[in-house]
Amino acid sequence: MKPFSIGVFDSGLGGLSVLKDILDELPQYNYIYFGDNARVPYSGKSAELIYEYTRKAVDFLMKKNCLLVILACNTATAISLPKIQREYLIHCYPERRVLGIIRPTVEAIVEKNSKRVGIMATYATVISKSFVAELKKLDDKIDVYQNACPLLVPVIEEGEVQWEGLNLLLRKYLAPLKEKNIDTLVLGCTHYGLIDKKIRSLVGPSTKILSEGKVTAQKLKEYLKRHSALEKKLAKGKKREYYVSDLNERYKKMIRFFLGKRFSKNDKISQVKE
Ligand code: DGL
């Protein structure tokens, strides 16, 4: 039997910020990343379309023999995860798993004893109220404030992370959250992990910043410890494959830039043909 890999999916390249932390924490496994960069941003699209794109992406990763797929995209998790588990996984691959990024993040917030939480996310994630609902399930006394930051994803996907205008955008998006005296700020969109240092420099030192990548990597480690039967089936060959729905030299450069030293010359980047 072909050995199983771990799949990581994002609507674009921002999910590499999560994969990066997973690779640092759990380098032994084989990974397949799929970024749907031809269709990013998902936010702003209808729930039906976001579900359809997510289901296709998960199906692609399953066909590539992923035993476990992480939706490293808050928007895809918020809109599609329950339906993927209920309507797709049970029928097509009942012995495999799809995990989202919101649950581990929310668990980490509660473990940190946070009481006033600010969430930066896309419109779709904010409107879904997924973070609010999941947090309230674990601690109904927690105060949650959300702010949609729609212009950040296009800027980051364009690789404009050094652009001075980014600071202006961040100030605008952070202001209403800072006003609420939050004790914890959640970067509730994978892309924001790629500019976490910039965000850190704009919020006061008294506000904890939760990096979804680190949290997801740590929680995945704990999950694999708890599910040893599943863990045993995973290949430990340190193989990585990268797939995108649109490919050119600029995207290749961005992937290498986002992954830094974790990208090796043996790693392949390919375009998914529909
Ligand atoms: N990666 C997505 C997330 O974490 C944001 C990008 C999008 O809108 O597609 O929410």
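Heads up, the Cβ atoms here are built off N, Cα and C, so glycines get one too.
Taken from TrEMBL as is:
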BINDING   D10, S11, Y42, S43, N74, T75, T190, H191  substrate binding site
ACT_SITE  C73  active site, proton donor/acceptor
ACT_SITE  C189  active site, proton donor/acceptor
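In the three-state DSSP scheme, C189 (active site, proton donor/acceptor) falls into the coil class. With D10, S11, Y42, S43, N74, T75, T190, H191 listed as the residues that bind substrate, the site has a largest C-alpha separation of 13 Å. In three-state terms derived from DSSP, Y42 (substrate binding site) belongs to neither a helical nor a strand segment and is classed as coil.
A Cα-Cα distance of 6 Å separates N74 (substrate binding site) from C189 (active site, proton donor/acceptor). Comparing C189 (active site, proton donor/acceptor) with Y42 (substrate binding site), their Cα atoms are 12 Å apart once rounded. Of the listed binding-site residues, namely S11, S43, T190, the sparsest Cβ surroundings within 10 Å are found at S43. A helical conformation is recorded for T75 (substrate binding site) in the three-state DSSP classification. Take the binding-site residues N74, T75: by the count of other Cβ atoms within 10 Å of each Cβ, the lowest one is T75.
D10 (substrate binding site) sits 5 Å from C73 (active site, proton donor/acceptor), taking the Cα positions as reference. Cβ environment of H191 (substrate binding site): G12, G14, S17, L152, V153, I156, E157 lie under 8 Å away, each six or more residues apart in the same chain.
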